[in-house]
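What TrEMBL annotates here:
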DOMAIN    1-86  domain 'Chorismate mutase'
DOMAIN    114-289  domain 'Prephenate dehydratase'
DOMAIN    301-381  domain 'ACT'
SITE      T282  site 'Essential for prephenate dehydratase activity'
Amino acid sequence: MDLTDVRSQIDEIDAQLLDLFGRRMALARDVAQSKLETGKAVFDPAREREKLADVAAKAPDGLQEQSVALFSLLISMNKAAQLRMINAARKDSPSHRMRASFLPLETAFPARATVCCQGVEGAYSQIAACKLFSIPSITFAPTFAGVFRAVTEGACEFGVLPIENSTAGSVNAVYDLLGSHGCSIVRAVRLKIDHNLLAKPGATLADIREVVSHSQALNQCAAYLERLGVRTTVCENTARAAELVSTSGRTDLAALSSRACADLYGLSVIERAVQDSDANYTRFAVISREPAIYPGADHSSIQLTLKSEPGALYRVLERIYALNIDLVKLESRPVPGSDFEFTFYFDLACPAVSPAFATLLDSLDDVCSEMRYFGSYTEVL
Ligand SMILES: O=C(O)C(=O)C[C@]1(C(=O)O)C=C[C@@H](O)C=C1
């Protein structure tokens, strides 16, 4: 058979399908109107079950599963359209609430600011802070929670915290604190991280029996440390590790830390860039107490806890895709204390003020049990 003939038959069928699709979607407006008037929920599980059972029963032979998948998608699009219309008419929709909580700023991101970092002088967070602000006045807190406290209590305008590493993944402790303190991400920076093996001057690789560093750095160098056959000890951060080696008086102890810390703490670099993957990057987030969107913010971060029902994540992804939003990060985490319920971190290459972002937020009610907006920001490379 001639392909051109087959294609023209396909085109004819597609034209009919498109007409029917348009007519089905147009009814979403009437359904939404009726639901707005009656207060009925957009999602009607009993009606959907009946509909899909009917579709399966009437489907052409051998196409039961495909037909159910196709109609699930049609229903999902219909619901998204209904939610868009209903939420546009409501003043308490997720996107209204989110928009009410921030004002896009006209002022540029500040060059001079008081900034809190976790750790001590030489910490990667401090290096990030110096990249983010031209004239930072930096103070240090011993823990991530201490950085959040400094920001929420007003001791510092901003905090700089590691949020994600290309080898070890999200820094969950920081995400948890973001949720519990209600701070916003207002800027981000990506740093290439080289971990170096630092020891007292005169020590050689053969002398080293123990390596101290932050757990993330130890994870990022796990294969290297295994080859060395050394004991590992966790401490608060990589700069503190260098400080510990410097004050220890031991030549069998080494730290995984930055080159800057070798100079700062009078240590020698025994081996450079010992991380398992050369492409080792960490993203640092700048947090502020008040939600603020600086000009040019083109990334947005949200956390969605999905209802534990089949296809929930698929339905979120399908909406992101349909809105032509670029998904730059997706990571899942089990919800503590739940029976394998999952929460997801999404980073979207999408400004908070874009209609696509508002539409996305307003169309998630039916699949999410909880939604949190972390902020919109520019990512500095
Ligand atoms: O019948 C409804 O109430 C609709 O909203 C329509 C529809 C559908 O697309 O068929 C969409 C959502 C509901 O959960 C059930 C069915």
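From the backbone N, Cα and C atoms, a Cβ is placed for every residue, glycine too.
Summarised as a single figure, the pLDDT of the domain 'ACT' (301-381) averages 88. For T282 (site 'Essential for prephenate dehydratase activity'), the same-chain residues 6+ apart in sequence whose C-beta sits under 8 angstroms from its C-beta are Y124, A128, P162, E164, N165, S166, R190, L191, I193. Sorting the domain 'Chorismate mutase' (1-86) by DSSP state (H, G, I as helix; E, B as strand; all else coil) yields 73 helix, 0 strand, 13 coil.
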